Amino acid sequence: MIEVALGAGLGASVRYLITQVLKSKTRVFPWATFIINITGALLLGFLHSKITSSHILLLLGTGFLGGYTTFSTFQVELVTLVNNRKQKMMIIYLLLTVICGILAAYCGSWLGKL
């Protein structure tokens with residue numbers, strides 16, 4: 001349990017820093033959340049193919065990547081785009097995130113098997 005808590009705190013802190021850096025550079029498309037969720041999918045795919053230790057998976061997978069990635073922010077950003085009458089951008093964001101997330105997880109899994 002301590003592995004999850006430590007990893008989650010660190011993952012959330014890294015996510016916050018990345019969001020702050022990218023926040024001022026983006027306007028409409030939520031790049032920070034997109035990049036965070038896609039890199040998280042890639043890393044989780046890699047970990048699940050490469051790591052066999054349950055403690056390391058708890059620390060890095062469930063903990064760090066659980067704190068690093070953010071499904072709830074993704075949902076709120078979709079709703080915000082709709083509320084701001086940016087339906088096309090919402091659809092693009094939704095599709096890109098789902099498709100790229102699946103591809104990233106697959107690539108991470110493939111890389112982990114090398």
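Heads up, the Cβ atoms here are built off N, Cα and C, so glycines get one too.
Record features (Swiss-Prot):
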type     : residues     : note
TRANSMEM : 28-48        : transmembrane segment
TRANSMEM : 56-76        : transmembrane segment
BINDING  : GLY66, THR69 : Na(+) binding site
TRANSMEM : 91-111       : transmembrane segment
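According to its DSSP assignment, GLY66 (Na(+) binding site) is helical. When Cβ-Cβ distances below 8 Å are used as the criterion, the transmembrane segment (28-48) is approached by residues 15, 18-19, 21-22, 56-57, 60-61, 65, 68-71, 73-74, 77, 81, 86, 89, 92-93, 96-97, 100-102, 104-112 of the same chain, each at least six residues removed from its ends. Here the Cβ of GLY66 (Na(+) binding site) has 18 other Cβ atoms within 10 Å, regardless of which shown protein chain they belong to.
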